[in-house]
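Trainee: According to TrEMBL:
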DOMAIN    60-408  domain 'Amidohydrolase-related'
BINDING   His68, His70, His217, Asp305  Zn(2+) binding site
BINDING   Glu97, His190, Glu220, Asp305  substrate binding site
Amino acid sequence: MHIDTLLKARWIIPVEPERIVLNDHALAIHGGRIVDILPIAEAEAKYQAASQESFDRHALIPGFVNAHTHAAMSLLRGVADDRPLMEWLVDHIWPLEQKWVGEAFVRDGTDLAMAEMIRGGVTCFNDMYFFPEVTARQVARCGMRAVVGMILIDFPSAWASGPEEYLSKGLALHDELRHNPLVSVAFAPHAPYSVSDEPLLKVRTLAAELDRPIHMHLHETRDEIDQSRQRYGMRPMKWLQQLDFLGPSFVAVHMTQLEDDEIARFAESGGSVVHCPESNLKLASGFCPVAKLIKAGINVAIGTDGAASNNDLDLMGEMRSAALLSKAVANDAAAVPAHTALRMATLNGARALGLESDIGSLEVGKYADITAIRLDELETQPLYDPISNVVYAAGRHQVTDVWVGGRRLLKNRELITLDIDEILQKAAAWREKTLASEQQPS
Ligand SMILES: CSC[C@H]1O[C@@H](n2cnc3c(O)ncnc32)[C@H](O)[C@@H]1O
Ligand SMILES: [Zn+2]
(Lines of atoms letter the chains of each structure in order from A and count residues from 1; the text may use other names and numbers.)
(Lines give C-alpha, C1' and ligand atoms only; values in the text may rest on other atoms or scores of the structure.)
(Ligands and ions follow the chains in the order given, each with its own letter.)
Protein backbone atom coordinates (compact mmCIF):
# COMPACT_ATOMS: atom_id res chain seq x y z
CA MET A 1 0.00 0.00 0.00
CA HIS A 2 1.38 3.43 -0.96
CA ILE A 3 1.46 6.16 1.65
CA ASP A 4 3.14 9.56 2.00
CA THR A 5 5.19 9.01 5.16
CA LEU A 6 6.18 6.33 7.63
CA LEU A 7 7.58 7.48 10.96
CA LYS A 8 9.20 4.69 12.98
CA ALA A 9 9.87 5.37 16.61
CA ARG A 10 11.32 3.78 19.74
CA TRP A 11 8.26 5.00 21.66
CA ILE A 12 4.88 6.37 20.62
CA ILE A 13 2.79 7.99 23.34
CA PRO A 14 -0.66 8.35 21.75
CA VAL A 15 -2.28 10.01 24.85
CA GLU A 16 -5.49 8.22 23.94
CA PRO A 17 -5.79 5.54 25.28
CA GLU A 18 -4.38 7.12 28.42
CA ARG A 19 -1.12 5.85 29.98
CA ILE A 20 -0.25 3.68 26.95
CA VAL A 21 3.30 3.65 25.56
CA LEU A 22 3.85 1.75 22.30
CA ASN A 23 7.35 0.32 21.89
CA ASP A 24 8.95 0.13 18.43
CA HIS A 25 5.86 1.23 16.55
CA ALA A 26 5.29 3.31 13.41
CA LEU A 27 2.87 5.99 12.33
CA ALA A 28 1.61 5.70 8.74
CA ILE A 29 0.60 9.09 7.34
CA HIS A 30 -1.32 9.83 4.16
CA GLY A 31 -3.02 13.01 3.00
CA GLY A 32 -1.96 14.79 6.21
CA ARG A 33 -3.71 12.31 8.50
CA ILE A 34 -2.66 9.26 10.50
CA VAL A 35 -3.88 6.17 8.65
CA ASP A 36 -2.30 3.44 10.79
CA ILE A 37 -0.34 2.81 14.00
CA LEU A 38 1.37 -0.57 14.11
CA PRO A 39 4.59 -2.42 15.05
CA ILE A 40 7.55 -1.35 12.89
CA ALA A 41 8.08 -4.82 11.36
CA GLU A 42 4.44 -4.99 10.28
CA ALA A 43 4.53 -1.45 8.92
CA GLU A 44 7.57 -2.21 6.79
CA ALA A 45 5.84 -5.22 5.28
CA LYS A 46 2.53 -3.43 4.72
CA TYR A 47 3.45 0.04 3.45
CA GLN A 48 5.48 1.58 0.67
CA ALA A 49 6.15 5.12 1.85
CA ALA A 50 7.29 8.01 -0.34
CA SER A 51 9.40 9.01 2.66
CA GLN A 52 10.29 7.17 5.83
CA GLU A 53 12.39 7.95 8.84
CA SER A 54 13.50 6.32 12.07
CA PHE A 55 13.32 8.04 15.44
CA ASP A 56 15.05 5.32 17.41
CA ARG A 57 15.96 7.46 20.43
CA HIS A 58 12.74 9.44 20.47
CA ALA A 59 9.20 9.48 21.74
CA LEU A 60 6.58 10.64 19.25
CA ILE A 61 3.75 12.43 21.00
CA PRO A 62 0.81 14.55 19.81
CA GLY A 63 1.88 18.16 19.20
CA PHE A 64 1.31 20.36 22.25
CA VAL A 65 -1.72 22.66 22.23
CA ASN A 66 -1.06 26.06 23.83
CA ALA A 67 -4.65 26.75 24.85
CA HIS A 68 -4.22 30.43 25.72
CA THR A 69 -1.71 32.95 24.48
CA HIS A 70 -1.28 36.42 23.00
CA ALA A 71 1.37 35.46 20.42
CA ALA A 72 2.46 38.92 19.26
CA MET A 73 3.19 39.95 22.86
CA SER A 74 6.47 38.06 22.41
CA LEU A 75 7.81 41.50 21.39
CA LEU A 76 6.97 42.79 24.90
CA ARG A 77 8.86 40.03 26.70
CA GLY A 78 10.50 41.50 29.79
CA VAL A 79 9.30 45.12 29.42
CA ALA A 80 7.34 45.35 32.67
CA ASP A 81 8.32 42.53 34.97
CA ASP A 82 7.48 41.95 38.63
CA ARG A 83 4.17 43.78 38.90
CA PRO A 84 0.65 42.60 39.76
CA LEU A 85 -1.85 42.13 36.92
CA MET A 86 -3.73 45.45 36.96
CA GLU A 87 -0.64 47.62 37.42
CA TRP A 88 1.17 45.57 34.72
CA LEU A 89 -1.74 45.80 32.30
CA VAL A 90 -3.13 49.30 32.86
CA ASP A 91 0.08 51.27 33.58
CA HIS A 92 2.49 49.48 31.26
CA ILE A 93 1.13 46.99 28.70
CA TRP A 94 -1.95 48.86 27.48
CA PRO A 95 -0.05 52.16 26.94
CA LEU A 96 2.68 50.28 25.04
CA GLU A 97 0.07 48.49 22.95
CA GLN A 98 -1.68 51.80 22.17
CA LYS A 99 1.60 53.14 20.89
CA TRP A 100 3.00 50.18 18.98
CA VAL A 101 0.42 47.59 18.06
CA GLY A 102 -0.35 47.57 14.35
CA GLU A 103 -0.09 45.14 11.46
CA ALA A 104 3.72 45.06 11.45
CA PHE A 105 3.93 44.50 15.22
CA VAL A 106 1.49 41.59 15.06
CA ARG A 107 3.21 40.10 11.99
CA ASP A 108 6.68 40.18 13.54
CA GLY A 109 5.56 39.24 17.05
CA THR A 110 3.52 36.29 15.81
CA ASP A 111 6.45 34.97 13.75
CA LEU A 112 8.75 35.22 16.77
CA ALA A 113 6.18 33.44 18.94
CA MET A 114 5.58 30.68 16.39
CA ALA A 115 9.30 30.04 15.98
CA GLU A 116 9.61 29.66 19.75
CA MET A 117 6.52 27.48 20.03
CA ILE A 118 7.46 25.15 17.15
CA ARG A 119 10.92 24.65 18.65
CA GLY A 120 9.12 23.73 21.87
CA GLY A 121 6.90 21.13 20.22
CA VAL A 122 3.71 23.22 20.06
CA THR A 123 1.66 22.58 16.92
CA CYS A 124 -1.52 24.53 17.75
CA PHE A 125 -2.25 27.68 19.74
CA ASN A 126 -5.33 29.57 20.83
CA ASP A 127 -4.70 33.28 20.36
CA MET A 128 -6.32 36.46 21.64
CA TYR A 129 -4.83 39.62 20.16
CA PHE A 130 -5.36 42.70 18.00
CA PHE A 131 -5.19 42.30 14.18
CA PRO A 132 -6.21 38.62 14.27
CA GLU A 133 -6.36 38.54 10.46
CA VAL A 134 -2.60 39.21 10.46
CA THR A 135 -2.05 36.42 13.00
CA ALA A 136 -4.17 34.10 10.82
CA ARG A 137 -2.19 34.99 7.70
CA GLN A 138 1.18 34.36 9.41
CA VAL A 139 -0.05 31.05 10.86
CA ALA A 140 -1.22 29.81 7.46
CA ARG A 141 2.07 30.92 5.87
CA CYS A 142 4.18 29.03 8.37
CA GLY A 143 1.93 25.95 8.41
CA MET A 144 1.12 25.89 12.11
CA ARG A 145 -2.42 25.39 13.40
CA ALA A 146 -4.28 28.05 15.42
CA VAL A 147 -7.58 29.34 16.64
CA VAL A 148 -7.50 33.13 16.45
CA GLY A 149 -9.69 35.31 18.62
CA MET A 150 -12.48 37.52 17.30
CA ILE A 151 -11.50 39.93 20.04
CA LEU A 152 -13.83 42.26 21.86
CA ILE A 153 -13.02 44.95 24.39
CA ASP A 154 -14.76 48.23 25.25
CA PHE A 155 -11.84 50.54 24.47
CA PRO A 156 -10.73 51.54 20.96
CA SER A 157 -7.46 50.28 19.51
CA ALA A 158 -5.58 50.61 16.24
CA TRP A 159 -7.67 47.65 15.04
CA ALA A 160 -11.20 48.76 15.89
CA SER A 161 -13.00 51.85 17.18
CA GLY A 162 -15.36 50.07 19.59
CA PRO A 163 -17.46 46.95 20.21
CA GLU A 164 -19.42 47.22 16.97
CA GLU A 165 -16.35 47.35 14.81
CA TYR A 166 -14.57 44.60 16.82
CA LEU A 167 -17.54 42.34 16.17
CA SER A 168 -17.99 43.17 12.50
CA LYS A 169 -14.28 42.70 11.77
CA GLY A 170 -14.27 39.45 13.73
CA LEU A 171 -17.23 38.14 11.76
CA ALA A 172 -15.57 39.07 8.46
CA LEU A 173 -12.58 37.01 9.58
CA HIS A 174 -14.86 34.11 10.47
CA ASP A 175 -16.19 34.17 6.90
CA GLU A 176 -12.72 34.41 5.40
CA LEU A 177 -11.42 31.42 7.36
CA ARG A 178 -14.51 29.24 7.02
CA HIS A 179 -12.76 26.60 4.87
CA ASN A 180 -9.20 26.99 6.13
CA PRO A 181 -7.85 23.62 7.36
CA LEU A 182 -5.27 25.22 9.69
CA VAL A 183 -6.83 28.37 11.11
CA SER A 184 -10.25 28.87 12.63
CA VAL A 185 -11.80 31.48 14.93
CA ALA A 186 -13.25 31.72 18.43
CA PHE A 187 -15.08 34.62 20.05
CA ALA A 188 -12.64 36.28 22.43
CA PRO A 189 -14.23 38.88 24.72
CA HIS A 190 -11.29 40.04 26.84
CA ALA A 191 -12.73 39.81 30.39
CA PRO A 192 -15.91 40.58 32.35
CA TYR A 193 -14.35 43.84 33.64
CA SER A 194 -13.45 45.14 30.17
CA VAL A 195 -16.49 44.25 28.02
CA SER A 196 -19.98 45.68 28.60
CA ASP A 197 -23.14 43.60 28.77
CA GLU A 198 -24.61 44.61 25.42
CA PRO A 199 -21.72 43.35 23.28
CA LEU A 200 -21.45 40.29 25.54
CA LEU A 201 -25.05 39.41 24.80
CA LYS A 202 -24.35 39.72 21.07
CA VAL A 203 -21.41 37.33 21.44
CA ARG A 204 -23.60 34.83 23.25
CA THR A 205 -26.12 34.81 20.40
CA LEU A 206 -23.51 34.74 17.62
CA ALA A 207 -21.45 31.98 19.26
CA ALA A 208 -24.52 29.76 19.43
CA GLU A 209 -25.48 30.55 15.82
CA LEU A 210 -22.02 29.98 14.41
CA ASP A 211 -21.05 27.15 16.77
CA ARG A 212 -17.78 28.78 17.82
CA PRO A 213 -16.02 28.63 21.22
CA ILE A 214 -15.98 31.67 23.53
CA HIS A 215 -12.52 32.29 24.98
CA MET A 216 -12.30 34.74 27.92
CA HIS A 217 -10.09 35.68 30.88
CA LEU A 218 -12.10 34.91 34.03
CA HIS A 219 -11.51 35.04 37.79
CA GLU A 220 -7.85 35.87 37.21
CA THR A 221 -7.28 37.84 40.44
CA ARG A 222 -8.88 38.71 43.76
CA ASP A 223 -9.12 42.29 42.51
CA GLU A 224 -11.37 41.20 39.63
CA ILE A 225 -13.74 39.55 42.09
CA ASP A 226 -13.82 42.61 44.38
CA GLN A 227 -14.46 45.00 41.46
CA SER A 228 -17.32 42.83 40.20
CA ARG A 229 -18.92 42.68 43.64
CA GLN A 230 -18.83 46.47 43.77
CA ARG A 231 -20.15 46.92 40.21
CA TYR A 232 -22.74 44.13 40.00
CA GLY A 233 -23.12 42.95 43.59
CA MET A 234 -21.88 39.50 42.59
CA ARG A 235 -18.81 37.57 41.48
CA PRO A 236 -17.93 37.64 37.75
CA MET A 237 -18.85 34.02 37.03
CA LYS A 238 -22.28 34.51 38.57
CA TRP A 239 -22.75 37.62 36.44
CA LEU A 240 -21.81 35.73 33.29
CA GLN A 241 -24.16 32.95 34.29
CA GLN A 242 -26.98 35.47 34.60
CA LEU A 243 -26.18 36.57 31.06
CA ASP A 244 -26.48 32.87 30.09
CA PHE A 245 -22.89 32.92 28.96
CA LEU A 246 -21.61 29.63 30.33
CA GLY A 247 -21.92 26.39 28.35
CA PRO A 248 -19.90 23.59 26.73
CA SER A 249 -18.13 25.92 24.30
CA PHE A 250 -17.09 28.42 26.97
CA VAL A 251 -13.34 28.48 27.68
CA ALA A 252 -12.43 30.26 30.92
CA VAL A 253 -8.80 31.28 31.27
CA HIS A 254 -7.05 31.48 34.68
CA MET A 255 -9.83 30.71 37.22
CA THR A 256 -7.59 31.25 40.23
CA GLN A 257 -10.43 32.41 42.49
CA LEU A 258 -13.01 29.68 42.88
CA GLU A 259 -15.39 28.61 45.60
CA ASP A 260 -16.60 25.01 45.75
CA ASP A 261 -20.12 25.85 44.55
CA GLU A 262 -18.64 27.72 41.56
CA ILE A 263 -16.64 24.63 40.61
CA ALA A 264 -19.83 22.57 40.74
CA ARG A 265 -21.74 25.10 38.63
CA PHE A 266 -18.95 25.36 36.08
CA ALA A 267 -18.73 21.55 35.84
CA GLU A 268 -22.47 21.42 35.23
CA SER A 269 -22.14 23.94 32.38
CA GLY A 270 -19.68 21.64 30.55
CA GLY A 271 -17.15 24.43 29.89
CA SER A 272 -13.35 24.16 29.80
CA VAL A 273 -10.73 25.87 31.96
CA VAL A 274 -7.31 26.91 30.69
CA HIS A 275 -4.74 26.84 33.47
CA CYS A 276 -1.80 29.28 33.05
CA PRO A 277 0.35 28.43 36.09
CA GLU A 278 3.44 30.49 35.27
CA SER A 279 1.61 33.70 34.39
CA ASN A 280 -0.46 33.29 37.56
CA LEU A 281 2.71 32.79 39.61
CA LYS A 282 4.61 35.68 38.05
CA LEU A 283 1.77 38.20 38.44
CA ALA A 284 0.94 36.70 41.86
CA SER A 285 -2.63 36.30 40.64
CA GLY A 286 -3.50 33.23 42.70
CA PHE A 287 -3.75 29.46 42.36
CA CYS A 288 -6.13 27.51 40.15
CA PRO A 289 -7.47 24.48 42.08
CA VAL A 290 -6.72 22.11 39.19
CA ALA A 291 -7.12 18.83 41.09
CA LYS A 292 -10.58 19.89 42.32
CA LEU A 293 -11.60 20.92 38.80
CA ILE A 294 -10.51 17.59 37.34
CA LYS A 295 -12.29 15.72 40.11
CA ALA A 296 -15.45 17.65 39.28
CA GLY A 297 -15.14 16.44 35.67
CA ILE A 298 -14.06 19.75 34.14
CA ASN A 299 -11.85 19.67 31.03
CA VAL A 300 -8.64 21.48 32.08
CA ALA A 301 -6.14 22.54 29.40
CA ILE A 302 -2.85 24.44 29.70
CA GLY A 303 -1.76 27.82 28.30
CA THR A 304 1.34 29.94 28.60
CA ASP A 305 -0.51 33.28 28.40
CA GLY A 306 1.58 35.93 26.58
CA ALA A 307 5.37 36.16 26.76
CA ALA A 308 5.03 39.49 28.60
CA SER A 309 3.66 37.76 31.69
CA ASN A 310 5.39 34.36 31.62
CA ASN A 311 8.03 35.17 30.06
CA ASP A 312 8.32 32.27 27.65
CA LEU A 313 6.04 30.19 25.42
CA ASP A 314 7.41 26.87 26.65
CA LEU A 315 4.44 24.53 26.93
CA MET A 316 6.61 21.65 28.17
CA GLY A 317 7.77 23.83 31.05
CA GLU A 318 4.19 24.95 31.63
CA MET A 319 3.04 21.32 31.72
CA ARG A 320 5.61 20.52 34.39
CA SER A 321 4.72 23.63 36.39
CA ALA A 322 1.04 22.66 36.13
CA ALA A 323 1.70 19.17 37.48
CA LEU A 324 3.96 20.33 40.32
CA LEU A 325 1.87 23.30 41.39
CA SER A 326 -1.35 21.26 41.39
CA LYS A 327 0.21 18.79 43.82
CA ALA A 328 1.24 21.60 46.15
CA VAL A 329 -2.17 23.32 45.95
CA ALA A 330 -4.01 20.02 46.58
CA ASN A 331 -1.48 18.99 49.25
CA ASP A 332 -1.42 15.65 47.46
CA ALA A 333 1.56 14.22 45.57
CA ALA A 334 -0.79 11.98 43.60
CA ALA A 335 -2.75 14.93 42.20
CA VAL A 336 -2.16 15.50 38.44
CA PRO A 337 0.17 12.59 37.64
CA ALA A 338 2.42 12.75 34.57
CA HIS A 339 -0.05 11.14 32.17
CA THR A 340 -2.77 13.61 33.23
CA ALA A 341 -0.44 16.59 32.74
CA LEU A 342 0.45 15.35 29.24
CA ARG A 343 -3.22 14.95 28.40
CA MET A 344 -3.95 18.47 29.66
CA ALA A 345 -1.20 19.83 27.37
CA THR A 346 -2.52 18.00 24.29
CA LEU A 347 -5.97 16.39 24.08
CA ASN A 348 -7.66 18.61 26.67
CA GLY A 349 -6.45 21.70 24.77
CA ALA A 350 -7.87 20.27 21.55
CA ARG A 351 -11.15 19.58 23.32
CA ALA A 352 -11.37 23.11 24.71
CA LEU A 353 -11.03 24.45 21.16
CA GLY A 354 -13.58 22.03 19.70
CA LEU A 355 -10.83 20.27 17.74
CA GLU A 356 -10.73 16.94 19.58
CA SER A 357 -11.90 14.93 16.60
CA ASP A 358 -8.98 16.27 14.53
CA ILE A 359 -5.99 16.74 16.86
CA GLY A 360 -4.71 16.25 20.44
CA SER A 361 -3.85 12.54 20.29
CA LEU A 362 -2.16 10.15 17.89
CA GLU A 363 -5.12 8.18 16.62
CA VAL A 364 -6.08 6.85 13.22
CA GLY A 365 -8.10 9.48 11.37
CA LYS A 366 -6.61 12.49 13.16
CA TYR A 367 -4.27 15.02 11.56
CA ALA A 368 -0.60 14.10 11.80
CA ASP A 369 0.29 16.89 14.27
CA ILE A 370 3.30 15.28 15.90
CA THR A 371 6.23 16.21 18.12
CA ALA A 372 9.41 14.11 18.39
CA ILE A 373 11.31 14.36 21.68
CA ARG A 374 14.78 12.88 21.96
CA LEU A 375 15.09 10.97 25.21
CA ASP A 376 18.66 9.61 25.06
CA GLU A 377 20.20 12.80 26.44
CA LEU A 378 21.65 12.71 29.94
CA GLU A 379 18.85 14.89 31.29
CA THR A 380 16.41 12.07 30.54
CA GLN A 381 18.55 9.05 31.55
CA PRO A 382 18.04 6.51 32.87
CA LEU A 383 14.61 5.95 31.43
CA TYR A 384 12.11 3.84 33.34
CA ASP A 385 8.94 5.46 32.08
CA PRO A 386 8.87 7.61 28.90
CA ILE A 387 5.78 9.56 30.05
CA SER A 388 7.47 10.42 33.34
CA ASN A 389 10.64 11.60 31.59
CA VAL A 390 8.71 13.67 29.01
CA VAL A 391 6.73 15.46 31.73
CA TYR A 392 9.09 15.70 34.69
CA ALA A 393 12.59 15.68 33.17
CA ALA A 394 12.77 16.63 29.48
CA GLY A 395 13.32 20.20 28.31
CA ARG A 396 12.17 21.81 25.08
CA HIS A 397 15.73 21.66 23.68
CA GLN A 398 15.04 17.92 23.32
CA VAL A 399 12.28 18.55 20.78
CA THR A 400 13.89 17.65 17.45
CA ASP A 401 11.09 17.41 14.88
CA VAL A 402 7.57 18.73 14.46
CA TRP A 403 4.84 18.05 11.88
CA VAL A 404 1.49 19.74 11.37
CA GLY A 405 -0.97 17.94 9.12
CA GLY A 406 1.90 15.70 8.04
CA ARG A 407 4.05 18.66 6.94
CA ARG A 408 7.46 19.02 8.58
CA LEU A 409 7.89 22.40 10.34
CA LEU A 410 11.00 21.47 12.38
CA LYS A 411 13.68 19.09 11.16
CA ASN A 412 16.44 18.13 13.55
CA ARG A 413 15.82 21.48 15.34
CA GLU A 414 15.93 23.53 12.11
CA LEU A 415 12.86 25.62 11.38
CA ILE A 416 11.68 24.80 7.87
CA THR A 417 9.05 27.45 7.17
CA LEU A 418 10.30 30.42 9.21
CA ASP A 419 13.47 32.47 8.70
CA ILE A 420 15.12 32.65 12.08
CA ASP A 421 17.67 35.36 11.14
CA GLU A 422 14.95 37.65 9.83
CA ILE A 423 12.84 37.04 12.95
CA LEU A 424 15.78 37.89 15.21
CA GLN A 425 16.60 41.05 13.27
CA LYS A 426 13.02 42.26 13.49
CA ALA A 427 12.81 41.49 17.22
CA ALA A 428 15.97 43.55 17.77
CA ALA A 429 14.53 46.43 15.72
CA TRP A 430 11.32 46.43 17.80
CA ARG A 431 13.42 46.53 20.96
CA GLU A 432 15.24 49.66 19.69
CA LYS A 433 11.95 51.38 18.81
CA THR A 434 10.33 50.53 22.13
CA LEU A 435 13.35 51.67 24.13
CA ALA A 436 13.68 54.92 22.17
CA SER A 437 10.02 55.76 22.76
CA GLU A 438 10.31 54.98 26.48
CA GLN A 439 13.11 57.51 26.78
CA GLN A 440 11.15 60.34 25.15
CA PRO A 441 8.44 62.29 26.99
CA SER A 442 5.11 61.26 25.41
C1 LIG B 1 -8.03 42.30 23.41
S2 LIG B 1 -6.49 41.63 22.94
C3 LIG B 1 -5.92 40.85 24.45
C4 LIG B 1 -5.52 41.80 25.52
O5 LIG B 1 -5.25 41.03 26.67
C6 LIG B 1 -4.14 41.57 27.33
N7 LIG B 1 -3.59 40.58 28.26
C8 LIG B 1 -2.47 39.86 28.15
N9 LIG B 1 -2.33 39.03 29.20
C10 LIG B 1 -3.40 39.24 29.99
C11 LIG B 1 -3.85 38.70 31.22
O12 LIG B 1 -3.16 37.77 31.86
N13 LIG B 1 -4.99 39.15 31.75
C14 LIG B 1 -5.71 40.11 31.13
N15 LIG B 1 -5.34 40.67 29.96
C16 LIG B 1 -4.21 40.24 29.41
C17 LIG B 1 -3.25 41.99 26.22
O18 LIG B 1 -2.26 42.85 26.66
C19 LIG B 1 -4.24 42.59 25.24
O20 LIG B 1 -4.46 43.93 25.53
ZN1 LIG C 1 -4.17 36.17 28.67
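Using the three backbone atoms N, Cα and C, a Cβ is placed for every residue, glycine included.
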Trainee: Could you state the whole-number distance in Å separating the C-alpha atoms of Asp305 (Zn(2+) binding site) and Glu220 (substrate binding site)?
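Mentor: One finds 12 Å between the Cα atoms of these residues.
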Trainee: Ligand 2: which of the binding-site residues His190, Glu220, Asp305 have a Cβ closer than 6 angstroms to it?
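Mentor: Within range of ligand 2: Asp305.
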Trainee: Could you find out if DSSP has Glu220 (substrate binding site) as helix, strand or coil?
Mentor: coil
Trainee: If you average per-residue pLDDT over the domain 'Amidohydrolase-related' (60-408), what number do you get?
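Mentor: It averages 98.
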Trainee: Hey, which of the binding-site residues Glu97, Glu220, Asp305 is the loneliest by Cβ count within 10 Å?
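Mentor: It is Glu97 that, of the binding-site residues Glu97, Glu220, Asp305, has the fewest other Cβ atoms within 10 Å.
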Trainee: For the binding-site residues His70, His190, His217, which one has the sparsest Cβ surroundings, going by other Cβ atoms within 10 Å?
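Mentor: Looking at the binding-site residues His70, His190, His217, the Cβ with the fewest others within 10 Å is that of His190.
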Trainee: What is the interatomic distance between the Cα atoms of His217 (Zn(2+) binding site) and Glu97 (substrate binding site), given in whole Å?
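Mentor: A Cα-Cα distance of 18 Å.
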